[in-house]
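K.L.:
Okay, so TrEMBL annotates it like this:
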- 17-35: transmembrane segment (TRANSMEM)
- 18-421: domain 'Major facilitator superfamily (MFS) profile' (DOMAIN)
- 55-77: transmembrane segment (TRANSMEM)
- 84-103: transmembrane segment (TRANSMEM)
- 109-129: transmembrane segment (TRANSMEM)
- 150-170: transmembrane segment (TRANSMEM)
- 176-199: transmembrane segment (TRANSMEM)
- 232-253: transmembrane segment (TRANSMEM)
- 259-278: transmembrane segment (TRANSMEM)
- 299-320: transmembrane segment (TRANSMEM)
- 326-350: transmembrane segment (TRANSMEM)
- 362-385: transmembrane segment (TRANSMEM)
- 397-417: transmembrane segment (TRANSMEM)
Amino acid sequence: MAKTAEKATKPVDWSKWIRFALLVMAGGTIYKLANLKDAFYVPMQEAMGLSHTEIGTLLSVNSIVATVLFIVGGYLADRFSTRILIPLGLVGTGALGLFLSTFPGFGTLLLVFALLAVCSDCLVWPALLKSIRQLGGSKEQGRLFGLLEGGRGVVDTAVAFSALGIFVLLGSGTGGFRAAVAFYAIIDVVVGVLLFLLLRTQTSEQASERPAQTKQKAGLGEIWRAAKLPQLWWVSFTVFMVYVVYCGLTYFIPYLTYIYGLPVALVGAYGIINQYGLKILGGPLGGVLADKVFKGASRYIRLAFLCLIPVVAVLLLLPADPSSQIPAMIVTLLFSLIVFTMRGVFWAPMDEVGIPEETSGTAFGIACLVGYAPGMFAFIVYGAILDANPGAGGYHIVFIVLAALALVGAIVSSGLVRAARARRAVAEV
C-alpha cells in the first residue's frame with residue numbers, strides 16, 4: 001500500500017518532458033548555420049564564390065572562437081538564467097542567419113562565423129547542458145543526455161531535409177540556397193521565442209541551496225588539480241584523434257559531387273544522412289558495443305580506429321568514375337558510421353579511467369579545449385590539400401591522411417586502454 005501511495009504521488013511530469021523537447025530542438029537547430037557545409041557544401045562554393053580553403057578558414061575561425069569561449073560560456077551559465085541565455089543565443093543566431101542569406105563578402109563572412117560561435121558555443125551550449133542536467137536527478141543523467149544526443153540527431157535530420165526540400169523546390173540554385181539559409185535562421189528565432197516563453201530553470205533555487213564554498217571552488221587551483229591527472233590527458237588526446245578524423249567527413253560530399261558526378265540534390269541528401277542521420281544510429285550503437293561487447297569504451301575506440309584503415313583502402317581502390325557511385329556512397333557512409341559510434345562514446349572513458357567526480361566539470365572543460373582543437377586547423381589543412389591537388393588525387397591524399405590519423409588514434413587509445421586497466425587493477429585491490 002505504501003509503495004502504491006508513493007507512486008500515486010509521483011505522476012509523470014509532462015512539463016519536464018516538454019522543456020526537454022524544447023531543449024532538444026534548440027540543440028538540434030543552433031549549429032545549422034555554422035555547419036551549412038554539411039548539406040550545402042557545393043552551393044556554398046557556387047553562391048558565395050568560396051574555395052575549399054576559404055570554407056575551411058570560415059570553419060576554423062568558428063571553431064577557434066568557440067574553443068576560446070567554452071569556459072566563458074560555462075561561467076555565464078552558472079551566473080545568469082538559462083531561460084535568458086538560450087533564447088538570446090538562438091535569436092542572435094537567427095539574426096546572423098538572415099544577414100548571411102544576403103551572401104556578404106568573405107571578410108564579412110569571417111565576422112559572421114565568429115559571431116555564430118559566440119551565440120551557439122558561448123550563450124547556448126553550456127547553458128543547454130546545464131538545463132538538461134537540472135531536469136533530473138543523478139539516476140536520470142545518462143538517460144537524459146543519451147536522449148539529448150539521439151533527439152538532436154532526429155531534429156538535425158528533419159530540419160536539414162526540410163531546408164533541402166526548399167532548396168530543390170526553388171530550383172537548386174542561388175535562390176534556393178538563399179531560401180534554405182533563411183529557413184534555418186527563422187527556425188532558430190522561433191525555437192528561441194518558444195524557449196523564452198516555456199522554459200523554466202532551477203538556477204536560483206539551486207544557487208540558494210548550494211554552499212558558497214562550492215561556488216568558489218572552480219578557480220585556478222581546481223583547474224591545476226585536474227590538469228595534473230595523467231589519465232585526463234589520455235582521454236583528451238583520444239577525443240582529439242576522433243575529432244580530427246571526424247572533420248574529414250566533410251570532404252566526402254564534394255568528392256562524390258566532383259569525382260562521381262552525383263547530382264547536387266542527391267549529394268545534399270547524402271550529406272544530411274552522413275552528418276545527422278548516422279548520429280541517430282551511431283551513438284546508441286557505439287554505446288551498446290562499448291558496454292555489452294567490449295566491456296569498456298576505450299577498448300572499442302581502439303578497435304574502431306583500426307577498422308577505419310581497411311575502409312579507406314577499399315575507398316582508394318574504387319574506380320573514380322560514375323559507374324562506382326553507389327559503392328562509393330556505401331563505403332563513405334560506413335566510414336562515417338564507425339566515426340559516429342566513436343563520437344557517441346568518447347566521453348565515457350572519463351569514468352573508466354577514474355576521473356574524480358568532484359573535478360569532473362573542470363576536467364570536462366580541459367578535455368573539450370584539447371579534444372575539439374582540430375576544428376581550429378583541420379578544415380584549413382584538408383581544404384589546402386584539395387586546392388593544391390585538383391581532382392581525385394587531392395581527395396585520395398586526404399583519405400590517406402585520415403588512415404594515418406586513424407593509426408595514430410589507435411596508438412593513443414592504447415594508452416587510454418592501459419590507463420583504464422590500471423584503474424581497474426587499483427579498484428580490485
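Placement of Cβ uses the backbone N, Cα and C atoms for every residue, glycine included.
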K.L.:
State the residues, same chain only, that lie 6 or more residues beyond the ends of the transmembrane segment (109-129) and have a CB under 8 A from a CB inside it; answer 'none' if no residue qualifies.
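P.N.:
For the transmembrane segment (109-129), the sequence-distant neighbours (Cβ-Cβ under 8 Å, at least 6 residues beyond its ends) are 23, 26-27, 30-31, 33-34, 48, 50, 57-59, 61-66, 69-70, 72-74, 76-77, 82, 85-86, 88-90, 92-93, 96, 99-100.
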K.L.:
Can you work out whether the transmembrane segment (17-35) touches the transmembrane segment (299-320), with the criterion being 3+ CB pairs under 8 Å where the paired residues are 6 or more apart along the chain?
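P.N.:
No, the stretches stay apart by this measure.
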K.L.:
May I ask you to check whether the transmembrane segment (362-385) and the transmembrane segment (232-253) make contact, with contact taken as at least three Cβ pairs under 8 Å and only pairs 6 or more apart in sequence counted?
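P.N.:
Answer yes: the transmembrane segment (362-385) meets the transmembrane segment (232-253) with 3 or more Cβ pairs below 8 Å.
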K.L.:
Are there residues at least six beyond either end of the transmembrane segment (232-253) with Cβ under 8 Å to its Cβ atoms? List them, or say none.
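P.N.:
Same-chain residues near the transmembrane segment (232-253) but 6 or more away: 37-38, 41-42, 226, 267, 270-271, 274-275, 298, 301, 305, 308, 332, 335-336, 339, 342-343, 346-347, 349-350, 353, 355, 363, 366-367, 370-375, 378-379, 382, 386, 395, 398-399, 401-402, 405-406, 408-409, 412-413, 415-416, 419.
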K.L.:
Tell me, please, if the transmembrane segment (176-199) and the transmembrane segment (150-170) are in contact, taking contact as 3+ Cβ pairs under 8 Å between residues separated by 6 or more positions?
P.N.:
yes
K.L.:
Return the stretch with the most CB pairs under 8 A relative to the transmembrane segment (299-320), choosing among 84-103, 150-170, 397-417.
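P.N.:
It is 397-417, which has the most Cβ pairs under 8 Å.
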K.L.:
Please give the sequence-distant neighbours of the transmembrane segment (259-278): residues at least 6 beyond its ends with Cβ less than 8 Å from one of its Cβ atoms.
P.N.:
35, 38-43, 153, 156-157, 160-161, 164, 167-168, 172, 249, 252-253, 320-322, 324-325, 328-329, 332-333, 336-337, 340, 391-392, 395
